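Comments concern the structure below.
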Amino acid sequence: MAGVLGMILAGGEGSRLRPLTESRTKPAVPFGGSYRLIDFALNNFVNADLMRIYVLTQFKSQSLFQHMKKGWNVNGITDRFIDPVPAQMRTGKRWYEGTADAIYQNISFIESTDPEHVCIFGSDHIYKMDIRQMLDFHKKKKAALTVSALRMPAKDASGFGVIEVDEHGKMIGFEEKPSNPKCIPGQPGIALVSMGNYIFEAESLCKELIHDAALEDSSHDFGKDIIPKMFPEGNVYVYDFSTNHIKGEKKEVYWRDVGTIESYWEAHMDLLKKDAPFSLYNRKWPLHTYYPPLPPATFSDSDNGRVQIIDSLVCGGSYIRGSRIEKSVLGFRSNIASACDISESILLGNVKVGKGCVLRRVIVDKGADIAPGTEIGVNLQEDKKRYHVSDEGIVVIPKGERVGY
């Protein structure tokens, strides 16, 4: 896509997703067995033929770098790149202080590539979006800035930027994370919220970033500072995400913020529904990632009974013997011994589960080893003495943990 530069904000610490983010940045957290969270933003860009992309990182980014090197390397293709960019303190000895500051500290990339438009997207949501449709809207409106937005219950909107628009799609109000979100006129209980995805006219973006960087009282954030300053000037528009159409799909648009353990678990359960609202199987919108060279998953009966796999996803290299797996996602190289009963659980890969284990609503991080006969998620009071248990009763086993030994 000529004249367009993509910049993906991938520096999120992800504190609400701990312990899954203890050793990795939030965009590097595995999802859906085969993917990382960053993959969904990257696929939205690549499937829209937007192939000049900088991925701005900051915290604990090594696993993200490794994933991108293996799965997203387009070196050698003229004028196409997907480059991770670590925080380099180009404008002083300081980390990124906000989302706008992250772009400002890398403004040289905008200046050197000289695009007409800059797409700035987040990297920690699960959704599909044909960015070309949002860009067409942005160009048609001749906007300085276009913000993508969706409707959600007002009771859930206080963690987002809440938007007001006129009949032409122009932004006429914006409040970042309000305690009492305003509802859409005529739609009681429903608010219009920012998805954290922006398309800027490049010259306007650079102008606003330079101005904001000089303000000592600014938090240097798009939602808190840039958007509230720009929209009263009258050239900020709002793109309705519900109008976005993905080839090969007839369902309503799907968007999920996976910033908490509960929402992360729920998004996985969405994948396993009979009529899943988010499909991994659309050939017209392929979901690229790094897939290691592994043999197919193997299922075998044992002396303890037949293997049963019900409403589940199982990735390559996995070996399951005589156990029952229901409504669960098993990542690469999951090794499940016989007589186990695993339900509504997520194994992130290279996990060993010994004979006769019971797992209920458990997230097991990579490399964990669970001893035979262990029960997790059955007695939450006991689990809380040893592991992180969310308010909703989801148990999280940390990366590399040896359980029950």
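The backbone N, Cα and C atoms fix where each Cβ goes, glycine too.
For TYR96, GLY161, GLU176, LYS177, SER194, the entry in Swiss-Prot reads alpha-D-glucose 1-phosphate binding site. For SER194 (alpha-D-glucose 1-phosphate binding site), the count of additional Cβ atoms within 10 Å of its Cβ stands at 22 [all protein chains shown].
TYR96 (alpha-D-glucose 1-phosphate binding site) carries neither a helix nor a strand DSSP state and counts as coil. The Cβ of GLU176 (alpha-D-glucose 1-phosphate binding site) has GLY161, VAL162, ASP221, GLY223, LYS224, ILE227, PRO228 as same-chain neighbours under 8 Å, each 6 or more residues away in sequence. Taken residue by residue with DSSP, SER194 (alpha-D-glucose 1-phosphate binding site) is part of a strand. Looking at the residues that bind alpha-D-glucose 1-phosphate per the record, TYR96, GLY161, GLU176, LYS177, SER194, the two CA atoms farthest apart are separated by 21 Å.
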